[in-house]
Amino acid sequence: MMWNNYLITSTRSLTKRKLYTLINIGGLALGIACFILLFLFLQNEWTYDRFHKNANELYRINLKYGEIDQPLQDLALTPSALAPAIKSFPEIKAQTRVYMPNMQVANGNKSFNESRFLYAEAPFFSMFSFPLIEGNAATALNGPNMVVVTASMADKYFGTTNVTGKTIKVNDKNYLITGVAKDAPSNSHLKFDFVGSYSSLGIEDKWGSANYYTYVQLTNKSLDQSLHRQLTTMVKEQMGAVSDKYTFDLIPESIKDIHLYSKAENSVEPGGNLTYDYMLAITAILLLGIACINFMNLATARSADRAKEVGVRKVMGAVKKELLTQFLTESAIITFFALILGITVALLCLPRFNDLTNSHLSFFSDWKLSIVLLLVFIFTTLMAGVYPAFFLAKFKPVQVLKGKTPINKGGGLRKGLVVFQFTAAAFFIICTLVVGEQLSYIQNKNLGQERSHVLVLNGSRFDSNTLAAFKTNLLQQSGVEQVSASYDSPVSIGGGYGINRIEGKPANYSMDITAMPSEKDYLQTMGIKLIAGEALADADIQDVLKNDENSKHHFYLNESAIKKLGWTPAEAIGKAMSLNGRNGTVKGVMKDFHFASLRQKIQPLIVFPEYNWFGEILVKVNGQNIQHTIAGIENSWNSYQPGKAFEYHFMDDDFNSLYKAEFQAGKLLNTFSSIVILISCLGLIGLAAYTAEQRTKELGIRKVLGATTGNLIVLLSKDYIKLVLIALLFAIPLGGYFMHKWLTGFAYHTSMSVKIFMITGVAAVGTALITVCIQSVKAALKNPITSLKSE
């Protein structure tokens, strides 16, 4: 019966002040919806690879190498000979090598390039928790030309998941389907559509190159240091011949650390960004906190309205506990409706949020969300209700009933909370503007090579003769300007090589360097400028195509490379050297261009012609009637690669993929900055409306005495504008400091101009001014006679 009374009284109180109730519910709902979405995202990020049953025992072995006394390069890739060599180690229960090339997969008239084709050894499905819907995990990869497909791929190629025992073509070879796996979860760094048996590759075990991922399962998770010591001893023995100039180390890294903490390059997929995750976690807490602050501010600001009610209740025998229960019930009702509305908004926004974050989050995938929502309800009810409840319950009934209402108590806290809200809002505006400036800088940065209007095709199926014929055919089309090919993407060159036997250097001199094989016209196609030397001639390519001990190679070094070697561009031309056993001379010096992320300084680079294999065919188009040109390229493709899927993308896509995390952070900052400002303004609307209401009689008197509407607007607005200006004093140095730290993560970056802080100030003050003025104008335009009758 008592609880019914609390509910009825609370409902009446809330419906009496509809504006404040709607502001509280709307603000809390927005805060809760954002908190839910960010929680789902962060939970996905922070639980990467933890779903494996043996997660504590699973490690990837990384390779560190480099010249002695020089910074070491950290690679996720290892030599193919590593896994067999460590098989007998007592710490290791199981191991598997993983190789991930792009493969052409076909069934009947369905043919596609598949980038998530993974080769692994037999223990793969026993080590990792990727359940098979069909097939035997222990034997699915036992022999050559066997493949496990995911359920979605089975449906894509066959229209059913009942495909075990059927065959599918992989690069024109028939593979037996031995199992169907569930699709890999989104919080796995090993995402695959196909898993082929490693023995299908027929690869010889070698220590000379690192192109394979090596995963091990330990007998006990505490043995990783013991394994590291054994790996260190073994790699020194294997690399003894060059250990006087180079250092090597093999380091086991927990699979649970790979996504967020790994520094190793060339991982299966780009890792997460812990800094951005922390920023999003802070954003989630701030959004919920700011919404609760609105509740607290409006509740305490309305204390005068509730004072007489409290006084009467106390005179009638109500004790503090009952008053606290009453006010907490009101808080709980508002929070409950806000929670329901917030969940609804989150559900409606989840598909768009998934697009924004390139995720596949599900609202009902984990029971933890229900627990979190319960905690959010309790936390929000208490945070938003406890202080106002104590504040109102402390009123003394005698003073209240005499009309002495302590309406100014809590004013300092209210002002402090408004300052906090707008400090957060201004901080987010600064972050959004700086990230936007940096992304604009990245997009407009002159890389020193072409990236617009360069079409990228899969070159892995072309031999040198077919490529030459295909190139000739394409160049006959009016929309095609240049054609070439390369081993790597031109904006993400990662090949690790070494040069030695360098003319003019000591016999034992050598240098690590990034290098990439390419086709003859690569430099012209990509618009890379030569500052010395000359372009390749057909005769030079004939020297390369001999492919024997008489082959003569031609090297193009960039400015950074010749500076490190101590040469001028003119001196470099004709210098002899050996690149991983390829003997040749320097043919030209390239002007430095960006071939990796702008986070890194331009490093020494060699580009050299070699026709053994190309990963990408590069077609520079003229930008006019692109769709017609692409259709012509597709026709040519079908002539030279019949039955093979024609798939393409633009070089811009490769470039943008380097900054996936930054673009994602920029979009999220734009979205949540707007929501922080909106929630802050909702609270300001409520406070301004209440202030205007409390000063109705004063405004009427001032108007009778000659005050203009403008005077009254200034009177009502100035206190809030002062609070926003104080907030800016906190936000500007705070935002400036953190964004300066963020920018230093890029070797090439924009500068933080005064313009950013001016825009922030104008945006914060302007938004607050408009918000307050809406309510101030209403109050100022009231007829003074009506105002004077208000009491």
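Note: Cβ is positioned from N, Cα and C throughout, glycine not excepted.
Summarising the annotation, TrEMBL assigns transmembrane segment to 21-42, 278-299, 323-347, 367-395, 416-436, 672-692, 720-740, 752-774. Sequence annotations record features per position, and here TrEMBL assigns domain 'MacB-like periplasmic core' to 21-232. Residues or ranges marked as domain 'ABC3 transporter permease C-terminal' in TrEMBL: 282-396, 671-783.
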Can at least 3 Cβ pairs under 8 A be found between the transmembrane segment (323-347) and the transmembrane segment (720-740), with each pair 6 or more apart in sequence? no
Range from 21-42, 416-436, 672-692, 752-774 with most C-beta pairs under 8 A to the transmembrane segment (720-740): 416-436
Could you give me the DSSP helix, strand and coil counts for the domain 'ABC3 transporter permease C-terminal' (671-783)? 95 helix, 0 strand, 18 coil
Contact between the transmembrane segment (416-436) and the transmembrane segment (752-774) (at least 3 Cβ pairs under 8 Å, separation 6+): yes
Could you pull out which residues elsewhere in the chain have a CB under 8 Å from any CB of the transmembrane segment (21-42), counting only those six or more residues past its ends? 14-15, 277, 280-281, 283-285, 287-292, 294-295, 298, 334-335, 337-339, 341-343, 345-346, 349-350, 353, 357, 359, 361-363, 369, 372-373, 376, 380, 384, 672, 675, 678-679, 682-683, 685-686
The average per-residue pLDDT within the domain 'MacB-like periplasmic core' (21-232) comes out at 91
